[in-house]
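Copying in the features that Swiss-Prot gives for the protein in this structure:
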ACT_SITE  C168  active site, acyl-thioester intermediate
BINDING   R70, G71, G72, Q73, V74, T75, Y76, H77, S137, I138, G139, G150, L151, A152  substrate binding site
DOMAIN    31-206  domain 'BPL/LPL catalytic'
SITE      K134  site 'Lowers pKa of active site Cys'
Amino acid sequence: MNDVIIRQLAHLIPYQPLWEAMQTFTARRQSQTTDEIWFLEHEPVFTQGLAGKPEHILNSGNIPLIRTDRGGQVTYHGPGQLMMYLLLDLNRLGLSTRTFVRTIENTVAESLQEWGIPAQGKETAPGVYVDDKKICSIGLRVRKGFSYHGLALNVAMDLTPFSCINPCGFKGLMMTQIQDYVNPIEMDAVKRTIIPLFLKNFGYNQPAIMVETSLEFLIDDHLRSFSEKLGERETVTNSRQN
């Protein structure tokens, strides 16, 4: 079994520098680099995937639009949405891209079912749905067997900006969130549910290496090696997820 580092970022994180940090991590990682999962919430932003078509952006208003290198069409990120960026070595995990996506979907659905939400994936479209409403979007990039980008799980957020786009390229697609079924709901409670399931379903050692990290620390990947940074300006705790 393999170790994984789970980094948790506080505050609302701007998209562009976080995306650049993911790219840098992926470009510089080697076969022995430990996999990482980054948990955070973004400042309001629309992101357009590589397959994105302009007609799916109905009215972005004053919310920034960033064209990225992930798969998929346009989606929205904002406060109250849990982002999980999956920086994994798929070859080491023995996963094809298709199996990787299905494992993500099944893990998210399993975590939502623990809250009594009847969530499931769809064969025809990536993501996790409750009936015909989408609750979790998935957009990935795999380079030389290394994945980055990840998933966006709607927890307790303002869903209004989704009406300004055709979410994931589907006209009229309705979005939903955990808060619509479990109210009140806390972000930390969602993390406590989903983390152990990810560790189990992807075959990682438990407990995970839990790290409180700042955006500035991640940006330093442009200048310093992982080994030089380890243990600096961050608090590392090996805590079991219950």
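Each position is counted from 1, following the chain as shown.
Cβ atoms are placed via backbone N, Cα and C, with glycine included.
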Between the recorded positions V74, L151, C168, whose Cβ has more other Cβ atoms within 10 Å than any of the rest?
V74
Looking at the domain 'BPL/LPL catalytic' (31-206) alone, can you tell me the average pLDDT?
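Mean per-residue confidence for the domain 'BPL/LPL catalytic' (31-206): 97 out of 100.
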How big is the Cα-to-Cα gap, in Å, between C168 (active site, acyl-thioester intermediate) and V74 (substrate binding site)?
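Cα to Cα, C168 (active site, acyl-thioester intermediate) and V74 (substrate binding site) are separated by 5 Å.
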What's the most sparsely packed of the recorded positions R70, K134, counting other C-beta atoms within 10 A?
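Taking R70, K134 as the recorded positions, the minimal 10 Å Cβ count falls on R70.
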Would you mind reading off the Cα separation of Y76 (substrate binding site) from K134 (site 'Lowers pKa of active site Cys'), to the nearest angstrom?
12
Including all protein chains displayed, how many Cβ atoms other than that of S137 (substrate binding site) lie within 10 Å of its Cβ?
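Result for S137 (substrate binding site): 23 neighbouring Cβ atoms inside 10 Å.
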With H, G and I counted as helix, E and B as strand and the rest as coil, say where DSSP puts L151 (substrate binding site).
strand
Distance check, please: Cα of G72 (substrate binding site) against Cα of K134 (site 'Lowers pKa of active site Cys'), rounded to an integer number of angstrom.
15
Around G72 (substrate binding site), how many other C-beta atoms are within 10 angstroms of its C-beta?
23
